[in-house]
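Enquirer: Below is one structure. I have some questions about it.
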Amino acid sequence: MNTEKPSVAHNVDHNEIAKFEAVASRWWDLEGEFKPLHRINPLRLGYITERSGGLFGKKVLDVGCGGGILAESMAREGATVTGLDMGFEPLQVAKLHALESGIEVEYVQETVEEHAAKHAQQYDVVTCMEMLEHVPDPQSVVHACAQLVKPGGEVFFSTLNRNGKSWLMAVVGAEYILRMVPKGTHDVKKFIKPAELLSWVDETVLKEQHITGLHYNPITNTFKLGPGVDVNYMLHTRAKKA
């Protein structure tokens, strides 16, 4: 059995990239495939902003930025934002939308490992939202994010827990019953238990600050943050000061 990890320059699942490339043109359609991302973005932004003590004047990196939903919203808060993604089409959509919106965001097509090799300790805040479950080596991504943040800076991760409930909610429910996201968006085998993510964090300069769940109520069709990390969750970490 081949146990070699992908090289840092190729920590990419091309099937995952292809899935998002295929629907990239509809990234900013509020009623399209990315409607859930638009719906949860105010919650993500609020969490990041509050726990970072505000984003104004800060240098921010959004890892796995896709079409730029979170990146643009952080730029609107006054941050200097760089968006990183390996999908060409999503980045083209992001660049065009930023231009049309009058928002300045720098978008770069490269892996986070490649970016870390050139920009170590250059960011006040690093975000990595709904990206870890789409790469072959999420541990490598966590390590790279830790390298990119300044001492004392903030790093945020969000992903999906791996258990029966998350499979029912995120795959069966969201993809096949409610059709909130396209079928095949998620692979439960790639979901990440909080203990696994925290073990990778502990290998770096990062320290856990707070963890919260992201919950969907199908009856009220609303999202909220709160206790319980059995499906979607967000983790706030902080780099040790020099």
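Cβ atoms are placed via backbone N, Cα and C, with glycine included.
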Enquirer: Just to be sure I read the record right: R44, D85, M129 are listed as binding S-adenosyl-L-methionine in Swiss-Prot. Which of G57, G64, G102 is listed for the same site?
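Expert: As annotated by Swiss-Prot, R44, D85, M129 share the S-adenosyl-L-methionine site with G64, chosen from G57, G64, G102.
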Enquirer: When you tally the Cβ atoms that lie within 10 Å of each candidate's Cβ, which of the binding-site residues (R44, D85) has the highest tally?
Expert: D85
Enquirer: Could you give the maximum C-alpha to C-alpha distance in Å for the residues R44, G64, D85, M129 that bind S-adenosyl-L-methionine per the record?
Expert: 19
